[in-house]
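Listed in Swiss-Prot for this protein:
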- Gly41, Gly42, Arg63, Asn156: substrate binding site (BINDING)
- Lys7: site 'Transition state stabilizer' (SITE)
- Lys218: site 'Transition state stabilizer' (SITE)
Amino acid sequence: MTTVVFKVGGSVLNQLSPKFYQVLLQLKETGTCNPIIVHGGGPEINEALSKMNIKTEFVDGLRVTSEEVLSIAEMVMSGTINKRIVSSIQSIGGNALGLSGVDGKLLRAKQMHDGKLGLVGEVVEVNTEWLSIIMNSGGIPVISPIAIGDADKRYNVNGDMAAGAVAEAFQSKLILVSNIPGVIESVNGEEIIHHHLTKQQVESKIDSGVIYGGMIPKVRSALASLKSGVAESVILNGLNPIEIKNYLEGKTVGTVLTEREVEHV
């Protein structure tokens, strides 16, 4: 059975209905695919940091991470959010196992940008053997993007980048679950959805401000993963879970990201 990686961002997480998890469970039970969930937790991390009067800043959508910030991020994502997703799946009869990238050295990472962003890492290796064991045993892996590096140093990894690395390791499709139906642009006063964007078009829309903030690492990590063998990356609306089924059936939904222009996307 083919694997599909679902990245669920922190901004959309609390908006997802039980129907979203039911769709993923149906995909698993019908043999359509083996889902892997990689999640974020930005808004809840922000809230926790604010309560503790810890300042946080972002550079190109990446959170600058000190030891203090890392501890909070790990507590929120690997603890609260991860187990909430697992509970949501198990409450509808599914079987899920919540892990962070630290567990079993699931995600091995190195520090990004020579440490200029603090303890922010990028994944260099994925323990696919462990994930395959979980999936082959009927489970859905749920991964928090806290990774482990040399000397057991922990790193905060952007969730989109972590999901891209997992999809790359399995050479699978990557579905970026959002609360919008794709990349939207206002053209002549009308909002349109770009159903297909190439790398060149993405960079142009970043420069023009159409793609901004947290969407920047989302689309860039999706494009980067394509170079390494990810079958396809797409941004879909998780608030309308039928889009997931429609996409896997080959229908035109969301925004498909490709390296270059292709026909009949």
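Just so you know, glycine gets a Cβ as well, placed from its N, Cα and C.
Every protein chain considered, the tally of other Cβ atoms within 10 Å of the Cβ of Arg63 (substrate binding site) stands at 22. Of the binding-site residues Gly41, Gly42, Gly41 has the largest number of other Cβ atoms within 10 Å of its own Cβ. Most Cβ neighbours within 10 Å among the recorded sites Lys7, Lys218: this distinction goes to Lys7. Within 8 Å of the Cβ centroid of the substrate site, not counting the listed residues Gly41, Gly42, Arg63, Asn156, the chain contributes Gly10, Gly40, Ile45, Thr65, Ala73, Met77, Asn158, Gly159. A gap of 10 Å separates the Cα atoms of Lys218 (site 'Transition state stabilizer') and Lys7 (site 'Transition state stabilizer').
Cα separation, Lys7 (site 'Transition state stabilizer') to Gly42 (substrate binding site), rounded: 13 Å. Across the residues annotated as binding substrate (Gly41, Gly42, Arg63, Asn156), the widest Cα-Cα separation comes to 12 Å. Around Asn156 (substrate binding site), the same-chain residues six or more apart in sequence whose CB sits under 8 Å from its CB are Arg63, Thr65, Val69, Leu70, Ala73, Glu74, Leu119, Val120, Gly121, Pro145, Ile146, listed in sequence order.
Taken residue by residue with DSSP, Lys218 (site 'Transition state stabilizer') is part of a helix.
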